[in-house]
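These come from TrEMBL:
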type	residues	note
TRANSMEM	A:14-34	transmembrane segment
TRANSMEM	A:261-280	transmembrane segment
TRANSMEM	A:287-308	transmembrane segment
TRANSMEM	A:314-334	transmembrane segment
TRANSMEM	A:355-375	transmembrane segment
TRANSMEM	A:381-403	transmembrane segment
TRANSMEM	A:429-449	transmembrane segment
TRANSMEM	A:646-666	transmembrane segment
TRANSMEM	A:673-691	transmembrane segment
TRANSMEM	A:697-717	transmembrane segment
TRANSMEM	A:729-750	transmembrane segment
TRANSMEM	A:756-776	transmembrane segment
Amino acid sequence: MIERLHPSRLARRLALFWLLLVLAIVGHNLWLWLGQHIKIDTDVLAMLPQDERNPAVQDATRRLADAAARRIVVLVGANDWPAAEKAGDAYANSLRASGQPLGLRYQVGEATSEQWLNFFSPYRQQLLTSEQRQALREQPPALLAQRAIEALYRPMGMPRFGQWQDDPLNLFGSWLTARAGESKVRLNNGRLALQAEGRHYAVLMLEQQGSAFSIAAQQALLPQLDHARTAALATGAGIEVLTVGIPLHAAAAARQAEREVHTIGIGSLIGIVVLTLFAFSALRPRLLVTLSIGVGLLVAISVCSLLFDGLHLITLVFGASLVGVAENYGTNYFSGRLGRPAEQRWAMLREQMPVMGLAMLTTVIGYALLALTPFPGLRQIAVFSASGLLAAFVTVLWWFPYLDKGEMAYTRLSTWLGSRRALWPTFQANAYSGLVVLVILGILLAGGMRLQANDDIRLLQNSPPDLIAQQLRVGKLLDLPGMAQFYLIQGRTEQEVLQREEALKAKLIPLVNQGVISGYQAVSDWLPSETRQEADAALIRQVVYGANGVMSHIRSQIGEDLPQPVADTPAPLTPRQWLASPVSEPLRHQWLGSLEGGFASVLVLRGLDHPTKQTKLAPLAAQLEGVHWVDKVGEVSSVMARYRHLMAWVIAISYLLVFMALSYRFGKRAWRALAPTALASVLTLALLSLAGQPLQLFNVLALLLILGMGVDYGIFLLEQPQREAIRPFLSITLAAASTLLAFGLLALSATPALRAFGLTMLFGIGLAWLLTPAFMPPNTSTTGKDAA
Amino acid sequence: MKHRALILACLLSVGSASTWAADIASSVKERLLRPEVLRGEFEQSKQVNGFKKPLLSRGDFLVVNERGVVWRTREPFASVLKLTRDEIVATQGNDVAFKLNASKEPSVRVINGLLFSLLNGDVSKLGEHFKIEGEANAKTWKLVLTSRQAALAKLMSKVELTGDQYVRRIDIDETNGDKTSIRFSAQNSEPAKLSREEATRFD
């Protein structure tokens, strides 16, 4: 059986070749990561098929997200303004004292308001709100005149700019009031202030410095904010500090990840190392298995970055997990080594080759199928995991005998573990098996009836509840428009964009009046299209100053001979002027400017608090040219749903192909290798649904991994089905234990996606390991290849 | 997320509660009755910049603690201005000429508070917005208010209050040259409870 004790020349060359290739790949990886030549894509929508992607939508969402990614808003509240101001000042001073004032905006000079007034004043005769426009169009000049006179007699009126007769209807004052009404933030004693729900708040705007995605910058932020908060709270009783912003969520996620790396990560590492030490009485197997997986990952990253423009974050996460199947090959190698002299390792490996090759093939089949789907994300995952797995396999095959020179005797644990196989019952036609079948059927039936899917990505929302509560509270206090859903308006020219926005607003106003939404925020409210400005100027000229207009009525009613104002219509307000002025700052992020060969803007909505409302909003976009309804949450959720469906099909077809591959080697017995994994998978689904877990992409992904790993267990056992054989069962037990320690422990994670994945792996791998021996052919004390 | 409205913000902004410690102010504060309910007649003369003759109007007013102000003009035409905690509403007959809600425009509370304080002579409240100077003799007093804030000063250059146990006269000089002078008469605070008819004026 053992032909040669030493490696062939070919083996030598292959090992050397692989070494050179791996070194090249390590170099490539260093260049990619250290030189930042790798583009990590995080937008889930980038995983949609190319033809379904709207580049403008993607660009728009990205720009909006970028604008928000660094922003933090702090509300310092108290029962009266002086207390809020004092606490707000303490907060601001603490931040300034930190030497990193975080782009603080709180104390705002009076000059700013002057700037605003000066900017819009020249255009006052051509700016109207939609209510004003409607009133001027529909109400008789006599009535308007009467109202103007009524306002004139009031002891105190609304703020008005310039002389009464220049603007008897106070159109400009009301226009500014409407613009001001878009924000609840006011200036109080030179500070940004908010008055809501009977309380006063000092409003502080911060901006995270440095890169928006720098974890270091996010982490550096938290202690500063905590200090400032303590300083604010110390100024008196009843002070409340609300802090919101994406950097906080990111920092919280990073903290949690760090915590979990410390607990789950280290726990699983210790578990795996201890297991290896006891089973093999050496650390070498663990190091080499890790090496094989590491090489696999590096190769996968190199291959993907050469084949694709950028690497998607999801590819990295999922792909890295899928490459984890390589655990099985290394463990199988070392289980085979146990109790054999070191010089036999070459021969042993040759002997193991067909089995390990089959194990690898059955896994790669599933991964490769992912590449046939039209989704670029799945293709990337397929290429990543298949190339990674192949590289890990090759590493075991070509390198392990060189690196693994020591002797490996059976340890007590390995002998004990491996011999447990003998205790396993075998499924047969008897009452005992019948009972088990009944229990399994019961679980499947009960679980199947409750099985439901939910792809809403908000389920994956992972931020601390306190942070979410503050976010909701601040959103309500400030009446902020939502950014997750919006209209994207595109046009060939800037003016066309503004005109299309105006057409959209005309359709939204009835919805505001019906209370579907409470309002909207649009650039064209501040910067009307030129056509609109001209039309409004003409309307004012005709209704207010024209023959039989408002002014003539006023003259005759109050008996004053008021002079006609000089009709000077300045050039229209243009996007360039608006953008160049600080007045555009609050809405500038909604003006996307040139986009995809044209121009674009974003219109956001207020009071969109219920998903059902979207059914009234989305159809509006279809009626208007150049208008898109963008629902990021919905789209991402639907991407997840489609990936889940596709993945489910891929798994189903994989089972078929794996069965064919198994049949080729095992003939009629093939089902014994596959059935335990299939049963484990459906049982896992049933158990998950009984536990109230909705089905998500992450569960399905785990099922693919369970197929890849579980079938290996079947193959290894079926290859040597004797109940007395120690090595096969030891191999699959160690592999299953490592997998459970690596992935199953993720069930303890607080991150929902990881928890779903971990829980599925925990059930699936556990059950596959438990069931596989029971499916082995009965009464095989000698190798009987044809026993069914 | 950002502050979108500095203009109105400034114009209607609330004052700081910096201390004011003018003796005259506290002496006036002692003299004023500041009852729960104050009724009275007014006569307003408004000189609008560019108008040849002043605009005269007459009517009555009602100031109720915790509720607000109802300002009813009889001449030259009938109209009602109602200022409560939550809104400002101007009506002519059944026609609502103007309405501003505090939930949409938080400054409504400030405007209403200011008018309320002026009519009621709430000197401490006024001290939050204005620097107070003045003079007093045995019977009457006069306060000259100048805005503490540049924003408010851009609207009103000067406010003068004259009175005894009640505010008897208010003179407002606006920066655009308009001058408003309001004289009050027949002020009384009895009964201290609103009649049914008076209560409906706030609805």
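Positions of Cβ are set from backbone N, Cα and C atoms, glycine also.
The structure displayed is predicted, hence computed values, not measured ones.
Count of Cβ pairs under 8 Å against the transmembrane segment (A:314-334): among A:287-308, A:429-449, A:673-691, the largest is for A:287-308. Residues of the same chain lying 6 or more positions beyond the ends of the transmembrane segment (A:646-666) and with a Cβ under 8 Å from any Cβ of it are 354, 358, 361-362, 365-366, 369-370, 373, 375, 378, 672-674, 678, 697, 700-701, 703-704, 707, 711, 714-715, 718. Among residues of the same chain six or more beyond the transmembrane segment (A:729-750), those with a C-beta under 8 A of the stretch's C-beta atoms are 256, 260, 263-264, 267-268, 271-272, 275-276, 279, 289, 321, 324, 327-328, 331-332, 334-336, 338, 414, 417-421, 462, 702, 705, 709, 712-713, 716-717, 757-759, 761-762, 765-766, 768-769, 772-773. Comparing A:261-280, A:287-308, A:355-375, A:381-403, A:673-691 for CB pairs under 8 angstroms to the transmembrane segment (A:14-34), the maximum falls on A:287-308. Below 8 angstroms of C-beta separation, residues 7, 11, 14-15, 18-19, 22, 284, 288, 291-293, 295-301, 303-304, 307-308, 314-316, 318-320, 322-323, 325-326, 329-330, 333, 345-346, 349, 353, 356, 360, 363-364, 367-371 of the same chain, each at least six residues beyond the ends of the transmembrane segment (A:381-403), sit close to that stretch. Beyond the transmembrane segment (A:287-308), the same-chain residues lying 6 or more positions past its ends with a Cβ under 8 Å from any Cβ of the stretch are 22, 25-26, 28-29, 32, 37-38, 276, 315-316, 319-320, 323-324, 326-327, 329-331, 334, 376, 380, 383-385, 387-393, 395-396, 399-400, 403-404, 738.
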